Structures are given as structure tokens and as C-alpha cells.
């Protein structure tokens, strides 16, 4: 191995030599170079020699060569390091000159350019803020949930639908106006129905077997008609909402038969059954809080409006030909058999 020259002298090897050469400056520079950029000796950012240009200045120490020599360093591994260094430089230069098609392909593989997930998938997993909104009663007319919303739980109930007639809608408008005159502002039901079950919580993977069980039982029940004409006040178990309803007067026995079928499915899935002595009714409107006593005071006045109509007493008629099950935002329909 060739040692450093005496202090104060600079030893240079040929720039054009295929092997790496070392610049020896006593105490200040002992680095091995393969190539360099053409920069001034004072520019210390340059770290390599450019053999093709024949540039002979050391960017580290800034010294100019005073002599050249073909003598080679005998340091072990120097030739291997030279080849690796040259290969690295060539690869860097080759990357800059990639063909246009190759560059385009590289950009396509960039993770930043990946297509976004569809909105339908993102909406399947709402964040905590979305869940907080579902619990905000101000967004639901002041209504308060009977049970906390949890991901994977579906509020479920079974009922008979009632499509409102024009006469019914006119009567309901008059009833709500009369209640408003006494300071009771009620909200009309979005849809009208007669409940055959309580509202229960159903796990998602139970939906299919649950509805199949209902279908099997209800397919044996026949169609019938029931009617309602008497106003009645109802309040939920949590005392958070009060309802004005119309109680059924005919068809009670057939409704009990339907409840027994529904209760059988509820027991199968260990869910709450219907009330022991149910008061079958169609809810007309509701208000927040327990307003039972105040509304009962007005029942007689309201009942007169139902009975003393120009066309005669109003009778709500419900043709029971189809039972429905609402679970979450899905509705299942079960037709009753004809006689």
C-alpha cells in the first residue's frame, strides 16, 4: 500500500486511469475518487473526479496537481469499490434518461395515484362523529332512543300497514288543530300502522332466519278486516313520548292470532314478546314528553269531532292482507292466505 507523501506535498494519480486513485495531502485529504464534476477548486460540494473530462482538481482540499503518475494503489478491495461506484453513477444517470413510456408506467404504480374507495364502502364504516349524530335527539324531532344505537344492531318490529284515506287525513288535520289551540303541538306520524310486536334489537346475522321463521308461521294465517273509531292516549315505557291513537273495536281475536305467531318467533330468538293484554291501535300523532294527563282532558272534545261528522261517524277500516317486518332500513312483506 502506498503511504502518504511527506507533509506539504500533493501526490496525484492519473485522472484517466480505469482504477480509483487517491489524492494525498498531508493531514487534510486522503479520499479515493472515481470521477468529479467540473467545479472550481474552492467548491467543496464536489466530491468526485470526472475522468472523461480530464478534470484534475481535488474538491476536498482544493489543491491543483503538480505531477501525474501511473502508479496504482494496492489497497485491498479498491478495484471492487471502484466498479461499484461506477455502477451506481451509471444507474443514476440511466434513471434520468428513462423512456417516456417507462416513466408513465412508474407514475401509475405510485401509491399517491391510487383510485379512491367508493363512497358505498366508506359509508359502511361510519366514524365516531357519525354515530354521535344518530344519538342527537334534535335531529329526530326531539325523540330519544329506547336503546343505544350500536353497529350491527337493527331495530325491528312487526306490523300491519294502514294506507290513509282522504277522509282520515282531513279528520287528523282537524284534531291536530284543536290540540294546538290548547297548547299541545303534536307531530303527525310519517306512516300509519298497527303494531303486532314491540321494537326489539336484531343482530344482522339473525335477519334471514328471523324473517324465514315469520314467513313460515304467518303463511298459515288468513286475511281479515278490522276497524277503529275510539280515540285513546298512549305513552311509551320510558315516558319520553305521548301518542294520540285510534283503538281497534273489531277484529281483536284475529289480531291476537297474529301476535301468537309473531311471539313464537320472538321466543325462538330470545326477544321480548308483545304485551299480555294489548290495546291494538293505529297511532295518529305524537309529542315529546309525558303529556298523558293533559291530552286525556281533551279526549271528549276530540271524540266528538270523530263522531259528529257530516258524513257520519268516522270509522278507520284496516284490511289485513299483508304483515310487514321493518328491520333497520329494510322492509319484509308476508302475505296472508285467502279464505
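Any Cβ shown, glycine's included, is placed from N, Cα and C.
Range 65-115 is the one annotated as region 'Disordered', of 65-115, 116-166 (source: TrEMBL).
Within the same chain, the residues at least 6 positions away from residue 281 (active site, proton donor/acceptor) whose Cβ sits under 8 Å from its Cβ are 194, 228, 232, 234, 245, 246, 247, 248, listed in sequence order. Long-range C-beta contacts of residue 193 (active site, proton donor/acceptor), restricted to its own chain and to partners at least six residues apart, with a cutoff below 8 Å, comprise 159, 160, 161, 162, 282, 283, 324.
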